[in-house]
Amino acid sequence: MEPYASISVVSVLVVLLLANMQCEAQLSPTFYDSTCPNALSTIRTSIRQAISRERRMAASLIRLHFHDCFVQGCDASILLEESSNIQSEQSALPNVGSARGYGVIEAAKREVEKICPGVVSCADILATAARDASVAVGGPTWQVKLGRRDSATANQAQANSDLPAFFEGLDILLRKFSNKGLNARDMVALSGSHTLGQAQCFTFRQRIYSNGTDIYAGFAGTRRRQCPRTDGDGNGNLAPLDLVTPNSFDNNYFKNLIQKKGLLRSDQVLFSREPTASIVNEYSNNPRTFASDFAYSMVKMGDIEPLTGQHGIIRRICSAVN
């Protein structure tokens with residue numbers, strides 16, 4: 001064989017290999033159209049029922065998807081419980097005692113397994129649940145790209161190091177989001193999910209007793225009523241992240257930040273300076289822009305390091321490896 005012919009054959013093989021890899025890694029909204037056509041409607045019904053029982057669950061499901069994607073990608077690793085060979089991410093500091101909704105995802109998985117056993121991943125159910133949760137409380141919708149597979153491992157150490165924390169400053173938060181391929185605009189948009197849900201006293205105690213210039217005194221006083229100064233007393237007492245409309249998806253969260261009424265330090269720092277302060281202003285004035293950007297950033301976050309093709313598994317139950 002001529003030398004140039006060898007190079008040509010190698011080149012063709014490389015191109016075919018790359019094309020195959022790209023095909024394997026591509027997520028698609030139509031992934032289950034032929035293998036489980038009723039998957040999305042089944043998940044949606046299950047999630048709506050859960051949120052109708054407890055409206056706060058919408059925030060919990062969105063947060064659960066976020067906490068999954070930030071640790072070794074969107075692979076449902078956060079759903080794995082502690083076992084002899086798994087250190088569960090559920091026990092990591094950002095999750096323990098606060099991440100919730102595991103049972104809701106498991107219930108949705110059970111319903112899907114009844115119609116299509118062994119087909120739909122827990123990772124895709126979690127991603128779809130986050131979208132359905134948003135819609136259930138008046139938030140935006142988006143096309144969920146599907147085809148993720150589930151991990152057979154968890155990474156508690158990475159959960160402790162990579163997930164944003166309520167006490168962190170702007171530079172650290174920007175770096176953590178950037179490490180996942182998300183920019184400042186994505187960070188502000190995704191933080192807007194705090195228009196929903198509640199936080200525990202220990203996460204905002206230092207802020208409301210700081211007498212700082214970045215918190216409105218009247219707001220701090222209101223929050224102190226249910227959050228004693230002494231550590232340990234009332235640690236788990238809850239307060240809404242959005243004082244105005246805590247159970248509706250809107251842009252009041254950003255208006256709160258401008259008024260120095262952000263509950264968590266990690267919220268209020270978004271309005272402390274650029275590159276995020278102008279985005280907060282923009283979203284506070286334009287709820288449609290916020291909703292559109294939130295949907296865009298949720299899709300972008302859902303693309304973080306998915307397991308596809310022959311990588312990963314399809315778990316039969318979400319809390320354990322098959």
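Note that Cβ sites are derived from N, Cα and C of the backbone, with glycine treated the same way.
Remember, TrEMBL labels are computer predictions, not curated facts.
Matching TrEMBL disulfide entries to the candidates C23, C36, C201 identifies the partner of C116 as C36.
A gap of 14 Å separates the Cα atoms of H67 (active site, proton acceptor) and H194 (heme b binding site). Look at the recorded positions H67, H194 and count other Cβ atoms within 10 Å of each Cβ; H67 has the fewest.
Mean model confidence of the domain 'Plant heme peroxidase family profile' (26-322) amounts to 96 (pLDDT, 0 to 100 scale).
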